[in-house]
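Pulled from TrEMBL:
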type: DOMAIN; residues: 117-267; note: domain '3-oxo-5-alpha-steroid 4-dehydrogenase C-terminal'
type: TRANSMEM; residues: 12-35; note: transmembrane segment
type: TRANSMEM; residues: 55-72; note: transmembrane segment
type: TRANSMEM; residues: 84-102; note: transmembrane segment
type: TRANSMEM; residues: 122-142; note: transmembrane segment
type: TRANSMEM; residues: 154-173; note: transmembrane segment
type: TRANSMEM; residues: 213-237; note: transmembrane segment
Amino acid sequence: RIHKMEEIDDQTFFRYCLLTLIFSGPPTAVALKFLQAPYGKHNRTGWGPTLYPPIAWFLMESPTLWLTLLLFPFGRHSLNPKSLLLFSPYLLHYFHRTIIYPLRLHRSSSSSSAKNSFPVSIAAMAVTFNLLNAYIQVRWVSHYKNDYEDGQWFWWRLIIGMVVFIAGMWINITSDRTLVRLKKENRGGYAIPRGGWFELVSCPNYFGEVAEWLGWAVMTWSWAGIGFFLYTCSNLIPRARASHRWYTDKFKDEYPKTRKAVIPFVY
């Protein structure tokens, strides 16, 4: 009976967390139309203490890894090969974002990187989101998902979603690499990115990440995945639009007129 009560409490907590994720998207999108998080090219003073950016990225993305290690083994599907396979793209993305991306930032940093310091307040908000979202994604895949024996439908969703996810991750990583290289070459300054998906949009790194979590939503076929995808859109699309305006204001007539902000040919 105690075990049953604990299961009910966990289900209730999971549902409240899921609703929080889904309903936090719209107000985030509205807020970001007026105020951008002050890091990167939108960096500005007045947000309190700051961290060295590679350390900030490591700290705020790391909950996605250590919380997975804490929670996944306790799920009823924790030893199911399909569950482990399904969760591997999520871990792949966050291993890159937690370990590899901060190392790349550190290697490319210069003495001017102090002006690009990352506010502790923004990192703390990101930690909070990653704790919430990681809990939802881990518990859904390892415990609450019920259709692992759904035959070919499971595999079709996995394959289609995986193709979209990997394509998005490739766009995201290669675009981030271009931005980091440009910043190193310009000693912490900014230049117009050229080549690849930058010929179509100002922020292909954000487009790639949106595509990743669309693929994840298809793979998981769940409100957990959909909620993550919608929140990603709410967070990154307004930021991409602001970055597009920043580029056009800074470089004026130099900046290619045909580029969209984040979605090729559309927006």
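Think of each number as a place in line: the chain as shown, counted from 1.
From the backbone N, Cα and C atoms, a Cβ is placed for every residue, glycine too.
Not measured: the values here are computed from a predicted model.
Long-range contacts of the transmembrane segment (84-102) within its own chain (CB-CB distance under 8 A, at least 6 residues past either end) are made by residues 53-55, 57-58, 61-62, 64-65, 68, 72, 137-138, 141-142, 145, 158, 162, 165-166, 169, 173, 176, 212, 215-216, 219-220.
When Cβ-Cβ distances below 8 Å are used as the criterion, the transmembrane segment (122-142) is approached by residues 10, 14, 17-18, 20-21, 37-39, 47, 51, 56, 59-61, 63-64, 67-68, 71-72, 74-78, 83, 86-87, 90, 220, 222, 224-225, 227-228, 231 of the same chain, each at least six residues removed from its ends.
Within its own chain, the transmembrane segment (55-72) is flanked in space by residues 39, 78, 87, 90-91, 94-95, 97-99, 101-102, 105, 118, 120, 122-124, 126-127, 130-131, 133-135, 138-139, 141-142, which lie at least six positions past its ends and keep a Cβ under 8 Å from the stretch. Beyond its flanks by at least six residues, the transmembrane segment (12-35) meets 132-133, 135-136, 139-140, 144, 223-224, 226-228, 230-231, 233-235, 237-239, 242 of its own chain at Cβ-Cβ distances under 8 Å. When averaged over the domain '3-oxo-5-alpha-steroid 4-dehydrogenase C-terminal' (117-267), pLDDT in the model lands at 94.
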